[in-house]
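Copied over from Swiss-Prot, here are the features:
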type    : residues                                    : note
BINDING : 166-173, 191-195, 212-215, 279-282, 308-310 : GTP binding site
BINDING : SER173, THR193                              : Mg(2+) binding site
DOMAIN  : 1-159                                       : domain 'Obg'
DOMAIN  : 160-327                                     : domain 'OBG-type G'
Amino acid sequence: MKFLDEAKVYVRSGDGGPGCVSFRREKFIEFGGPNGGDGGRGGDVWIECVQGLNTLIDYRYRQHFKAKKGEHGMGSNCHGAKGDDAVLQVPAGTQVFAEDGETLIADMTEVGQRVRLAKGGNGGFGNAYFTTSTNRAPRHANPGLEGQEMWLILRLKLIADAGLVGLPNAGKSTFLATVTAAKPKIADYPFTTLHPGLGVVRSDEREFVLADIPGLIEGAHEGVGLGDRFLAHVERCRVLLHLVEGTSEHAGKAYKLVRRELEAYGEGLSDKPEIVALSKADALDADTLKQQLARLKRAAGGKPLVLSAASGQGVQEALRAIQAQLDTQGAEEAEAQPAEPWQP
C-alpha cells in the first residue's frame, strides 16, 4: 500500500429539509387545521479514527465528501427524516487543520475517537408551527437551513513507541526488517526508504511499535529532502534509536548533524530519550571500529551500543534498552497522574 501523510479534502454537511404546507382533510370537516410537518435536519460530517489504517492514501483519489440533505416534511404532522451522515475514516495520529494549514481543528489519537467537522442544517418549520390565536390557518413554511462547507487539510503523524532516526543508508530499514515482520525496501544506496514504516517488535514477551523514519540530511528542518515532513513523524515517538553508520567517514560528525536537525525543528524532538548505536559493525575491522566508537562516544557524551542488523550483533541489547526507556517513561507518567480521591 502506498504511503500518504497529507491530503486536502472538501466537506459539506447536508441542507435541512423544507417544511410542509398542509391542512387536515377529514369527512364532515370542511376546514381542517394546518398539519404540515417540519423538514428533517441535514446530515453531519464526522471524522473517525479507526484501526487497521496507517496512511491517508484513500484521500488521494476522493477529495469531496457531502452528507445527505434532510427529507421534506409531510402532512399529518409527519417530520422529514434526518439526512445520512458522511464519515471520514482516518488512522490514529491524524490531525485536522483548517484550510490555512495552521488552525488545528481536531487531533485524532485514539481508535474510536469521533469529531464532528460540519453540522447539518436545521430543517424548516411546517405551517403547523406558525399557528397562532390570530392566524389559525398559516399558508407558509420555512425552507431548511443550508449546511456548512469547508476545505480541510489532513496530516498524519505516525504514533509509535520508538523511532529510528539517522542519516540515509544508516541501516534503519534493515534493523526494522530484522526485529519485526515489516518488509521495507532495502538496498545499498541512500534514500532507499522514501516513506515512514511501522512494525511491531516482540522481545522478551513484550511488545512495542517501532517506526522507521526516512533518512535525514542537512537542512531537513527547513524542508530539504522532505525532511520537515519526516521529522513530523518523530513528534509522536516516545523514544529514539539513533543509528550512526559505522562505515561513514566520521561517526561523530554524522551524529551531530542529525542532532542539529532535531534541535532546529523544535517540538521537543531533541529532548526525547535517545539510545545511540553504531550500526554496520560487521563491515568494520577492529581498529576502525575502535576509532569510530571513540568518535561517537565523544559526540554523544556516553557509550554507544554496537550493532549489526545483518549479523544480529547487539540487536537484542538495543531492543532491551528501548523497552527499559519505555518502562521508565511509563512509570514516570503513572506517578505524574493525580491519584483518584478515596471513596468509602
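Including glycine, each Cβ sits where the backbone N, Cα and C put it.
What Swiss-Prot annotates, mapped onto the structure for a quick look.
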| residue | record | DSSP (3 states) |
| --- | --- | --- |
| GLY166 | GTP binding site | coil |
| LYS172 | GTP binding site | helix |
| PRO214 | GTP binding site | coil |
| LYS280 | GTP binding site | coil |
| SER308 | GTP binding site | strand |
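Spatially close to LYS280 (GTP binding site) yet at least six residues away along the chain are GLY171, GLU245, GLY246, THR247, SER308, ALA310, judged by Cβ distances under 8 angstroms. Taking CA atoms as the reference points, PRO214 (GTP binding site) and SER173 (Mg(2+) binding site) are 9 Å apart. Taken together, the residues of the domain 'Obg' (1-159) have an average pLDDT of 89. For SER173 (Mg(2+) binding site), the Cβ neighbour count at a 10 Å cut-off comes to 23, with all displayed protein chains included.
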